[in-house]
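*Asks:* Below you will find the structure I want to go over with you.
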Amino acid sequence: MITSEGGGAILRTIGSLGSLTGSRVIVRCDLNVPLTDGVITDDGRVRASLPTLQLLLDQGARVIIISHLGRPGGAPDPAYSLAPVASRLSELLDHPVGFAVDTVGPDATAKVAALDNGEVLVLENLRFNPGETSKSEAERQVFAGQLAAYAEAVVSDGFGVVHRKQASVYELEKLRPSAAGLLIAEELAVLDRLTENPERPYTVVLGGSKVSDKLGVIAHLLPRVDTLLIGGGMLFTFLAAQGHRVASSLLEAEQLDTVRGYLREAADRGVEIVLPTDIVVAASFAADAAHVVVAANAIENTEFGASGIGLDIGPDSAAEFARRIRASQTVFWNGPMGVFELPAFAMGTRTIAQALTDTPGFSVVGGGDSAAAVRQLGFGDHQFGHISTGGGASLEFLEGSSLPGLEAVGWAAPQ
Ligand code: ADP
Ligand code: MG
């Protein structure tokens with residue numbers, strides 16, 4: 001149970017729904033797994049949904065699982081069927097799992113009616129129905145109403161979608177007694193630990209492609225952190241804000257003033273913003289591009305001149321970032337340090353990931369590409385304090401935004 005400072009509950013938990021034995025319960029999961037030719041390549045999200053499902057089964061509930069998969073665009077598309085996900089779920093739960101070939105049609109209706117205590121049914125992809133993601137509230141209401149007709153209670157556990165105002169995430173939860181599942185509660189407990197009284201020193205590592213994607217996060221975290229380490233594509237806008245030339249590296253000129261503002265605010269608050277001192281500069285954006293390591297204030301002084309592109313932080317910077325991460329009690333990392341997808345430019349990201357696994361403090365990885373990066377580089381989820389299942393959702397939370405899917409299950413952001 002997550003509580004506010006005054007001790008009052010600010011998120012409805014499954015326990016608040018009372019006895020669920022024999023009740024039909026819809027569980028909104030995020031089973032949006034990567035698929036290649038119908039084969040699941042990473043079942044992390046299916047695994048993350050198990051504790052809540054197991055809890056409901058142990059209570060003898062009749063469990064109806066709903067989820068989206070990919071972006072099929074509001075109409076059935078076999079490439080985005082949840083059928084393979086239902087089979088994997090059955091293996092992982094070690095329990096039979098039924099599957100309805102529609103979401104709110106005749107097959108779903110018949111199979112929902114036939115559900116017995118302790119049985120599980122997965123309905124077909126929510127996004128085969130235009131009402132799920134419709135911009136029209138009325139259309140979302142209609143679809144939510146059709147779903148609600150199947151159950152007496154709703155458990156919301158798809159953390160990856162709580163920042164979306166969609167029928168199954170928002171309207172549905174308001175039509176039935178509803179609560180947050182264990183995954184959402186766990187993700188929120190972690191995010192809470194990053195924003196309310198984090199253990200110090202608290203270091204945030206930001207990278208990824210664009211500053212503009214992360215402005216809200218920087219603004220919200222500046223008053224809360226001790227140190228901000230900046231890498232990835234966004235570092236060049238910071239270097240430029242300090243007056244350095246960055247050749248053809250990623251630069252968002254329209255953010256220079258905002259970034260200068262952050263540098264000033266950090267100085268006023270005594271927050272250290274640490275920029276790389278060396279950079280890996282490449283001849284072009286390519287896996288086999290020639291590349292050299294140069295000082296961060298001399299990016300244009302390489303043999304590639306003004307066409308050089310910074311694609312990773314240099315080894316000295318990576319070592320310095322790692323040293324600071326290891327000396328922290330709380331570390332939040334979002335955004336790869338370089339173009340990790342190309343092995344020649346993955347060193348910075350690998351070094352930072354390694355440091356997070358080494359730190360004795362609490363380490364959290366948030367962000368879709370960051371989570372993919374650590375797995376692709378061979379790290380295991382258990383080596384980190386936490387890897388968020390929701391990149392967008394966790395970033396919006398850290399921006400201090402109100403998330404519709406959390407609001408629908410009773411969440412009120414602490415003031
Ligand atoms: P996340 O999904 O973890 O929030 P982002 O989406 O912000 O991360 O950024 C991930 C992308 O940033 C990766 O595809 C990576 O290749 C890219 N990136 C990192 N460093 C650079 C760089 N120096 N230049 C261009 N792109 C970069
Ligand atoms: Mg991303």
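Cβ atoms are placed via backbone N, Cα and C, with glycine included.
Heads up, TrEMBL stuff is auto-annotated, nobody curated it.
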*Asks:* Suppose a student reads TrEMBL and sees Asp30, Leu31, Asn32, Arg45, His68, Leu69, Gly70, Arg71, Arg164 listed for substrate. Which of Arg127, Arg224, Arg245, Arg260 should they find annotated at that same site?
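*Replies:* As annotated by TrEMBL, Asp30, Leu31, Asn32, Arg45, His68, Leu69, Gly70, Arg71, Arg164 share the substrate site with Arg127, chosen from Arg127, Arg224, Arg245, Arg260.
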*Asks:* Tell me the Cβ contacts of Gly310 (ATP binding site) under 8 Å, same chain only and six or more apart in sequence, or just say none.
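*Replies:* Once residues fewer than 6 apart are set aside, Gly310 (ATP binding site) is near Leu235, Phe236, Val246, Ala247, Ser249, Leu250, Ile279, Val280, Val281, Ala282, Ile299.
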*Asks:* Using Cβ-Cβ distances, find the residues under 8 Å from Asp30 (substrate binding site) that belong to the same chain and are at least 6 apart in sequence, listing them in sequence order.
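*Replies:* Long-range Cβ contacts: Arg45, Ser49, Ser67, His68, Asp157, Gly158, Phe159, Gly160, Val161, Thr389, Gly390.
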*Asks:* Going by Cα-Cα distance, pick out whichever of the binding-site residues Lys214, Glu341, Gly367, Gly368, Ser370 is nearest to Arg127 (substrate binding site).
*Replies:* Gly368
*Asks:* Using DSSP reduced to three states, classify Gly310 (ATP binding site) as helix, strand or coil.
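*Replies:* In the DSSP reduction, Gly310 (ATP binding site) maps to strand.
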